[in-house]
Amino acid sequence: KGKCPEDGWDESTIELFLHELAIMDSNNFLGNCGVGEREGRVVSGLVARRHYRLIHGIGRSGDISAVQPKAAGSSLLNKLTNSVVLDVIKLAGVRTVTSCFVVPMATGMSLTLCFLTLRHKRPKAKYIIWPRIDQKSCFKSMITAGFEPVVIENVLEGDELRTDLEAVEAKIKAFGAENILCVHSTTSCFAPRVPDRLEELAVICANYDIPHIVNNAYGVQSSKCMHLIQQGARVGRIDAFVQSLDKNFMVPVGGAIIAGFNESFIQEISKMYPGRASASPSLDVLITLLSLGTSGYKKLLKERKEMFSYLSSELKKLADNHNERLLDTPHNPISLAMSLKNLDETNDAAVTQLGSMLFTRQVSGARVVPCGSVQTVNNYTFKGFMSHANDYPCAYLNAASAIGIKKQDVDVFLKRLDKCLKTFRKEAKQEKSVNEISDANTATEQLED
């Protein structure tokens with residue numbers, strides 16, 4: 001039926017299914033005689049077994065989604081994977097999505113493929129409107145495609161950094177709609193930046209007849225991010241949304257899903273991909289979804305949401321204990337941020353040092369963001385890089401509740417963070433005592449003189 005099964009399959013059933021697909025490929029036929037340059041020959045048995053002897057990859061030279069006659073099994077694998085993934089995207093909240101395909105490139109290059117496809121539709125266009133998010137790959141995706149990003153600075157509302165809709169519209173009017181390739185918005189992001197105002201952006205795009213590409217990197221795991229995409233498509237215009245396989249489905253890095261509401265446009269993107277492609281990302285995500293089933297994936301989504309609430313409440317307690325505060329970012333459903341004002345005021349290098357301390361204590365994924373760092377990316381200079389703003393009011397630390405996180409991860413992280421912050425407080429007290437003693441000695445010497 002091309003749907004993700006409700007209950008997951010056991011490993012032996014999945015392996016039997018993959019072997020059945022593999023024997024449909026010509027390189028696995030008994031007595032096959034290959035005289036071409038690409039005949040699925042693999043010299044290492046270990047490599048062949050790693051790929052379940054599905055060696056031909058997916059697609060043909062002119063279309064990544066096309067059926068390859070001598071690789072019926074691999075072609076069927078590709079079709080089934082795209083169908084099952086589409087089913088899961090609908091399950092996750094984007095009910096009206098009509099088409100998607102797995103592409104063997106990570107999110108940044110997949111965004112580039114979308115921009116290059118739009119180039120043929122809008123030959124005059126040279127600009128991409130981009131509400132700022134300090135993540136290099138989504139910025140470089142526009143540069144690599146040969147376009148000029150028009151950076152829209154975010155607006156500070158309370159602790160949150162939100163989309164400046166007036167600035168977006170002003171830039172469209174200033175450059176002219178026909179000169180703008182698309183609006184490139186973002187859902188999933190590091191707090192205190194929150195998902196873009198997708199509904200309002202989608203309406204602007206519809207009003208000015210400008211395409212709209214959404215970077216939904218790790219948004220499939222968030223019902224809020226998926227709801228924003230669904231609503232944006234309902235009230236305005238969203239041409240495609242791109243999401244990572246590894247971040248949303250816990251498979252190795254190297255694949256993404258390009259999805260949309262207009263089947264012909266998604267097919268145009270798939271035809272833009274030059275040559276055949278690796279089947280590994282498709283194989284990984286199909287195995288994963290068959291083993292989980294819809295019930296297993298729903299359970300993971302539910303657990304992630306529960307862990308977000310737990311992380312939020314416990315991080316708030318820890319922040320209060322250290323005279324810091326959990327930044328108020330209710331519109332971000334995955335990432336949290338805790339201020340580091342005391343560290344920042346004590347020592348300029350202390351904020352960065354905290355990040356190093358956490359990393360050496362095997363805490364991965366926590367981002368420590370100092371104030372005022374400057375970074376140049378492809379000749380564009382960003383002030384306050386990593387904080388998504390030129391002058392965010394304070395330094396802070398990020399932590400995220402992403403799919404697959406366990407209570408033990410949260411507890412160990414909080415314990416190690418607490419220990420690191422206590423070390424800084426102890427050092428600060430000692431330094432203060434030394435300074436007081438030094439001041440007292442100086443005062444005594446002055447009196448004696």
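Every residue, even glycine, has its Cβ placed from backbone N, Cα and C.
Residues or ranges marked as pyridoxal 5'-phosphate binding site by TrEMBL: ARG38. If you look up TrEMBL, you'll see ARG60, SER61, GLN68, ARG276 marked as substrate binding site. If you look up TrEMBL, you'll see ARG234, ARG361, LYS426 marked as tRNA binding site. The compositional bias 'Polar residues' annotation in TrEMBL covers 435-449. Taken from TrEMBL, the feature N6-(pyridoxal phosphate)lysine applies to LYS247. Annotation source TrEMBL lists region 'Disordered' at 429-449.
Taking the features listed in TrEMBL, we show where each one sits on the structure.
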residue: ARG38; record: pyridoxal 5'-phosphate binding site; Cβ neighbours (10 Å): 15
residue: ARG60; record: substrate binding site; Cβ neighbours (10 Å): 16
residue: SER61; record: substrate binding site; Cβ neighbours (10 Å): 11
residue: GLN68; record: substrate binding site; Cβ neighbours (10 Å): 20
residue: ARG234; record: tRNA binding site; Cβ neighbours (10 Å): 13
residue: LYS247; record: N6-(pyridoxal phosphate)lysine; Cβ neighbours (10 Å): 22
residue: ARG276; record: substrate binding site; Cβ neighbours (10 Å): 21
residue: ARG361; record: tRNA binding site; Cβ neighbours (10 Å): 14
residue: LYS426; record: tRNA binding site; Cβ neighbours (10 Å): 10
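For ARG60 (substrate binding site), the nearest of the binding-site residues ARG38, ARG234, ARG361, LYS426 in terms of C-alpha separation is ARG38. For GLN68 (substrate binding site), the spatially nearest entry among the recorded positions ARG38, ARG234, LYS247, LYS426 is ARG38, judged by CA separation. In space, SER61 is the closest of the recorded positions SER61, ARG234, LYS247, ARG361, LYS426 to ARG38 (pyridoxal 5'-phosphate binding site), judged by Cα positions.
Here the binding residues for tRNA are ARG234, ARG361, LYS426. Their largest Cα to Cα distance works out to 55 Å.
For the substrate site, the Cβ centre of ARG60, SER61, GLN68, ARG276 serves as reference, and the other residues of the chain with Cβ at most 8 Å from it are GLY57, ILE58, GLY59, GLY62, ASP63, ALA66, GLY275. The two recorded residues LYS426 (tRNA binding site) and SER61 (substrate binding site) have their Cα atoms spaced 63 Å from each other.
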